[in-house]
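To start, the structure under review is shown below, and the notes come after it.
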Amino acid sequence: MATHKLLLLPGDGIGTEVMAEVSRLIDWLNKAGIASFETEHGLVGGAAYDADKVAITDATMALAQASDAVIFGAVGGPKWDAVPYDARPEAGLLRLRKDLALFANLRPAVCYPALAEASSLKPEVVEGLDIMIVRELTGGVYFGEPKTITDLGNGQKRAIDTQVYDTYEIERIGRVAFDLARKRRNKVTSMEKRNVMKTGVLWNEVITQVHAREYKDVQLEHQLADSGGMNLVKWPKQFDVIVTDNLFGDMLSDIAAMLTGSLGMLPSASLGAVDDTTGKRKAMYEPVHGSAPDIAGKGLANPVAMLASFGMALRYSLDMGELADKLDEAIAVVLARGLRTADIKSEGSTVVSTSQMGEAIVQEMQALHG
């Protein structure tokens, strides 16, 4: 049995609480002989700043480079609002993405049958929802230069952010989306703003070319990003895989998240390119939710997104798809049984703490393994 090296980065706020439930699951998998994991732990975000005055140390980055997968919690909080910009907690996350060359962000939006009532939309609109949003992660306006604020000297300031995309960046994210669609329902929707942005014109052109050359068997459609956001709310089940740039992907994935009822339910994966020699890729897995400092330490956090993120690591980095399927099933069974953390509680449900939810999911995994 191969041993997989994992780096666990809990981060700040509820990150430590939800990561504890991943550790619980890993410990059980190791003890049961189902899998073999070797784990390292590191600081990131505000926790790293408090210890080392940086958002992530070079030593922790070296551990990330050497791991088969990075499992990331959440960073940030009001405590660090006044720290230098380059050392802000979010800078640790951005460095991980950039140094590991994690260009593809996968955000599934899945509505479990037991939670259709938790959505703000009608149950029939979201029941059975299963969307994958593929967001380009290392280009666009978040990384483009120049990025400045200039004092104009007349009591005014000017801020500049730069949206930049090259052909190869669009090609590789397009291929990720098309490859995923082939394993799902064979449809890709590309979203941009070609009506007002030159990067949108290029994005549309390149995605169309990649489709024509390599993926004619996959259905492709284009939507403007603002219209696409409207359609996500109006008729979300029309979508299978959505591919879009960094900025729009950030927004659209949060819209999709709330279709499911809670940010606490949604995982994500950030993937690098496949190494031609090893066949492996750098990858990081994290919940979509933030550090939620207002509920940190109270046992209220929902660990499902964190556990589901670990499930994505099993599927996309560790070649353990069957185990990932069982984890998905365990989560669904526990929810169907009526267990809920506070963020997804409903009439007649049993409200449980972070650790109780994590323990219930691990117990269900045990039952599924006989």
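From the backbone N, Cα and C atoms, a Cβ is placed for every residue, glycine too.
Noted in Swiss-Prot for the protein shown:
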{"type": "BINDING", "residues": "77-90, 290-302", "note": "NAD(+) binding site"}
{"type": "BINDING", "residues": "Arg97, Arg107, Arg135, Asp226", "note": "substrate binding site"}
{"type": "BINDING", "residues": "Asp226, Asp250, Asp254", "note": "Mg(2+) binding site"}
{"type": "SITE", "residues": "Tyr142", "note": "site 'Important for catalysis'"}
{"type": "SITE", "residues": "Lys193", "note": "site 'Important for catalysis'"}
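Features recorded in Swiss-Prot, as mapped to the structure shown.
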| residue | record | contacts (Cβ under 8 Å, 6+ apart) |
| --- | --- | --- |
| Gly77 | NAD(+) binding site | Asp12, Gly13, Gly46, Pro89, Ser291, Pro293, Ala296 |
| Arg107 | substrate binding site | Met132, Ile133, Arg135, Gly249, Ser253, Ala256, Ala257, Leu266, Pro267, Ser268, Val288 |
| Tyr142 | site 'Important for catalysis' | Leu94, Asn246, Leu247 |
| Asp226 | substrate binding site | Lys193 |
| Asp250 | Mg(2+) binding site | Arg135 |
| Asp254 | Mg(2+) binding site | Leu263, Val288 |
| Ala292 | NAD(+) binding site | Gly13, Ile14, Ala74, Ala301 |
| Leu300 | NAD(+) binding site | Thr341, Ala342, Asp343, Ser353, Thr354 |
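Applying an 8 A CB threshold to same-chain residues 6+ apart, the list for Arg97 (substrate binding site) reads Leu137, Thr138, Ser270, Met284.
The most densely surrounded of the recorded positions Arg135, Lys193 is Arg135 (count of other Cβ atoms within 10 A of its Cβ).
Classification of Asp226 (substrate binding site) by DSSP places it within a helix. Listed in sequence order, Ala91 are the same-chain residues six or more apart from Tyr85 (NAD(+) binding site) with CB atoms under 8 A from its CB.
Compared over the binding-site residues Asp81, Pro89, Ala296, the count of CB atoms lying within 10 A of a residue's CB peaks at Pro89. Sequence-ordered, the extra residues of this chain that approach the Mg(2+) site, with Cβ no more than 8 Å from the Cβ center of Asp226, Asp250, Asp254, are Ala225, Gly229, Leu247, Phe248, Gly249, Met251, Leu252, Ser253, Ile255.
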